[in-house]
């Protein structure tokens, strides 16, 4: 098998990958942090009166399950390396098991990373539903992410013909170049990460937010940039190690940075929707002083480009959109609950009829 795949990154036919603590310990630590953040995300949903559970919450939870699976695979690879192989038969069996784990790791990685991307995109659709360009960009991202997922998973599964020759080195078969597939999936993933990272920045930059809330946004977007940097580092270090004959080190780099990338992305996705939790238990982190209803309206108009009436968003053409979810770092707490009574009071004072034009 490996004769047809000379650039095999993780393994060679002569040696198994040397999965040391340098890959196992960070994978466990970052997975534990991601698990904690997903738990806090669900607590935030429960604590917030105006929040509702969305599809993106379930997708992040499923991505966490896949991330735990990735860590379990790393542990399995570490356990195989720790065995004392005394003969060639044991070595062949260990190599076959390791290759199965490598395939499982690749599939879990593509599932987890792309589910996180879809979760981010769904969150953007909720936030910017009145911005046509953002909506079209999100739908375009959906198509690209689905394509990237299919290429990442099926490209690995059908890398060799027959499929079993991927892990059975005694079975004759042909395989396409693993390096070409790995490079293409890495580049596609990086471009999608960049697109998701920069998409909301122009709109968020227009908001007039309290200093601490701006710092929170900067931290979240900074971590999003860290995900992109991790993707680049994984690509560069694995390529460099593999082309210098350090196959063991290239495998360790690939496993280490894949786990970090997935888990940091999960943490970023959770931080975006945890403002209700901060506002309830750590209000000083959210803002130096309470934000007025008028400031809420100005910020939300700048963000969404629409008008809000009694919890419903209305665009310039009078089309109503649901505006009940105000649970992210770039939205105001209990916005719909406070804006509705304020607007009804203003309408009564100004003597506006039901047929009048509503604006803020």
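Heads up, the Cβ atoms here are built off N, Cα and C, so glycines get one too.
Any TrEMBL annotation is an automated prediction that lacks curation.
What TrEMBL says about this protein:
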- 23-43: transmembrane segment (TRANSMEM)
- 40-280: domain 'Rhodopsin' (DOMAIN)
- 55-74: transmembrane segment (TRANSMEM)
- 94-112: transmembrane segment (TRANSMEM)
- 133-154: transmembrane segment (TRANSMEM)
- 186-205: transmembrane segment (TRANSMEM)
- 217-237: transmembrane segment (TRANSMEM)
- 252-274: transmembrane segment (TRANSMEM)
**OP:** Quick one: find which recorded stretch in 23-43, 55-74, 133-154, 186-205, 252-274 has the most Cβ pairs under 8 Å with the transmembrane segment (217-237).
**Re:** 252-274
Original post:
List, by number or range, the same-chain residues at least 6 past the transmembrane segment (133-154) whose CB is under 8 A from its CB atoms?
Top reply: 106-107, 109-111, 114, 117-118, 121, 124-125, 184-185, 188-189, 192, 195-196, 199-200, 203
Original post:
Do any residues of this chain, six or more beyond the ends of the transmembrane segment (186-205), have a C-beta under 8 angstroms from a C-beta of it, and if so which?
Top reply: 113, 117, 120-121, 124, 127-128, 131, 134, 137-138, 141, 144-145, 148, 151-152, 217, 221, 224-225, 227-228, 231-232, 234-235, 302-303, 330
